[in-house]
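Undergrad: Quick one: the structure is below, and I'll ask about it shortly.
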Ligand SMILES: Nc1ncnc2c1ncn2[C@@H]1O[C@H](COP(=O)(O)OP(=O)(O)OP(=O)(O)O)[C@@H](O)[C@H]1O
Ligand SMILES: Nc1ncnc2c1ncn2[C@@H]1O[C@H](COP(=O)(O)OP(=O)(O)O)[C@@H](O)[C@H]1O
Ligand code: SF4
Ligand code: SF4
Ligand SMILES: [Mg+2]
Ligand SMILES: [Mg+2]
């Protein structure tokens, strides 16, 4: 850790005892031709060192936009952060000038994407792209940078790293490319790694390799890992806590064991019942009727009410408050008790 | 079925008359301002080409050296050129051959380009190899040289005014870009899943090309054609200037621009007005092309 | 066995490549009975989609037979082929690219009738199209809408309606729910199951999601590098897998139950699928197989029932391993 701080100007207001990452009431809008799409509507999240937080939700519910807002890489315009704070060790990143944010991005919070091929530059070798990071941010010599690039590729378990370092991105398979992406993200020893659907494009066999690699690297480095996915299976294996998103809000947040055993939000419960299981051949799947809402036209009250089996009048009228039902368990559902069956 | 969508209503087998893409496109076009502006402009230009006497009573060939470069006044709102001809009348009468050459040459180029591009893109393999080489060969002919040779041959008849020769020359030499654009658009449309789906149903090549590929490949082609229209109107001027274009005492915008060029410093009007008309015409066709293209894309409606 | 509606024998598809050939499908035998679902699983690039395209005639086989109700499609031509082909339709993976964006939904679903005029029911094409929309759970009044006005799940329903138009007995589904949202997948899976019950359809259901395949399939075939390496009913494949590849695949599938964490049998496969242009000699799986013996490089294991495998498995050392134990 010392090495990092030696290279990075201290952020004003940085408090080493403050939580690693704390997103508070984040709001993001997209102003488009079809109106204002409210992609993120008051997201609250926190992440500790060495912890894996899974952000789970269907496509379009605002997972990636939340991640982009945290990273400061939102497409602006049309995207605008319209409220909230992103606190990294007590410093509100949203208030930092762009030059400071860039440093945070490279050194403290890193991100990997679903589509590794388009995130790598096709005209440079992966070794060059890795070495470039060390040269620009650490001022290391060319030779040293290359040595460290090989070391990193080794760490992400690319076989024969010494030779592959001079290959171009297209010469790697999908899984290998994702490893290269991980190497790039980890090059500058970030404290937070945001992984946006890192295995969605991969086969299960390769997915298992990548997930175990991520878990190992996280343990070794005591990183905070924010894992964004729509796959309820993947997160069951690795997450410590789970935040379920729907229509731009975190609707339920809970430790992983609790949420699968006793979902406390009608949406989480319906989602769990609608997926086919590998470990037994069930009967007809429980279906969530209808479609996720258009973000330009989010239903009133609880956004899930038009699709919810538990919904009653109040769900249409009143947005459910966040109920703290246990330590670290928060859910926004008017009928928690019915859903939990207590 | 328990999984019926929440919004599904009881079937009403009689409800809703089927509409076609073209029908929908027309319904959409009718509501677009830009389409009407473009359409009005095009109609005016076409009227001017068909019946120039509707727009001016002056005779473009009634030239008096005494009026050389005289300013606007009397019956000549744009003044007179270096030969003392009425600039307004010349411009109005110039519309006919300019539009005729531009539209007809573009149509010829468009038809050749469409057929060559569609066939090369759809059939690929040796058909593509042969047609693409053919495109390369035509493209390799230096335009001026090719045009001079071709136009000379075509207008050997001293009686003709050269319009036909110019149209064919421009059309036959100008289709290559359109063909190339069409070919690549067809190739990308051909590989779409919906084409595979239709092929699977047993659709004939003609059906695949006309129903599935062409409607999805035609947009960039239309853009090329609208640009080509302007190029062809100007191309006529080049040919006329080289002496292989319009002959005798023909008037056209291209000719007028070419003639007025050397005198632009002393008299700008004879250069400016035909240019403005030419630009407005090309713009109108581009707007019309854009509007039609958008109307045929359901996503943009 | 008049029950068998679709059968392939020694089906081979090689694509010409710069050097040699890409052996995408390399000797596939399968059988599909009336009203049954055959699931096909395997990693990306192992030939699933190519197999699907061969079945519906989008690709011509290099070798082998495709028999629909006993008639070999590869030997038929002209009108007879067209008639036979009508019996086997396909639902494509990507609902966003499989519908022509410039055709109305009515035209898309009605197109099969334009191509096969003798298939139009007596009450007319328009009624037939609206009936199909109703069957797949869409509003029959939406015939004049365009595909982009529908969501992914609804588009997939349109694709299913198009496949149903000619009243086929067999539908090949290539990853029909992979591109859909989790909550929408269940809607489409249930629809497919409902249609099967009502219309007696037989499905070839291709997917990389082994959980979905388990849910919907009666029998399952596991593919690796253009070959079927293990096949059997769903209980045999999921509860008593005997081929090392099947075992590895199953062990890699995440299960949405954190209580199984650390208690499941994880078999981590190294590396990726080798190139089908240059498959390993002998057993194709040997470069990634943890049980491989020197002999595996020389002798290609046949897909057959062995001593320790009650169902066909292409491994010399086929043996049950319980990777999916229930808790
Ligand atoms: N037209 C073609 N020309 C050359 N090779 C091809 C062609 N089509 C497919 N292949 C190759 O054949 C192999 C099998 O491809 P196929 O698409 O059937 O795989 P798949 O199992 O469906 O994979 P996925 O899960 O990614 O869809 C791949 O290696 C592919 O690259
Ligand atoms: N650049 C953009 N312009 C307009 N809308 C956008 C943009 N990026 C994302 N959105 C919208 O924001 C919403 C949330 O998107 P996203 O966070 O990417 O969803 P996901 O949960 O699948 O990651 C979606 O409705 C999406 O269409
Ligand atoms: S608040 Fe009401 S509508 Fe929303 S999830 Fe809970 S019960 Fe359903
Ligand atoms: S035959 Fe040999 S290499 Fe192939 S799966 Fe069996 S043990 Fe492994
Ligand atoms: Mg996303
Ligand atoms: Mg495929």
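Yeah, the Cβs are placed from backbone N, Cα and C, and that goes for glycine too.
Note that the coordinates shown come from a computational prediction; the quantities given were computed from them, not determined experimentally.
Look at TrEMBL and you will find B:34-51, B:99-123, B:130-151, B:163-182, B:213-234, B:271-292 tagged as transmembrane segment. Sequence annotations record features per position, and here TrEMBL assigns domain 'ABC transmembrane type-1' to B:95-289.
Help me picture these features in the structure, burial and contacts included.
TA: Below 8 angstroms of C-beta separation, residues 92, 95-96, 98-100, 277, 280-281, 283-285, 287-288, 290-292, 295 of the same chain, each at least six residues beyond the ends of the transmembrane segment (B:34-51), sit close to that stretch.
Sequence-distant contacts of the transmembrane segment (B:130-151) (same chain, at least 6 residues past either end, Cβ-Cβ under 8 Å): 116, 119-120, 162, 165-166, 168-170, 172-173, 175-176, 179-180, 183, 235, 238-239, 242, 244-245.
Same-chain residues lying 6+ beyond the ends of the transmembrane segment (B:163-182) with a Cβ under 8 Å from its Cβ atoms: 97, 100-101, 104-110, 112-114, 116-118, 120-121, 131, 135, 138-139, 141, 143, 146-147, 150-151, 154-155, 217, 220-221, 224-225, 228, 231-232, 235-236, 239-240, 244-246, 250.
Within the chain, the transmembrane segment (B:271-292) has long-range Cβ neighbours (under 8 A, six or more residues past its boundaries) at 25, 29, 32, 34-35, 37-39, 41-42, 45, 78, 87-88, 90-91, 94-95, 98-99, 102, 222-223, 225-227, 229-230, 233-234, 253-254, 256-257, 260-261, 263-264.
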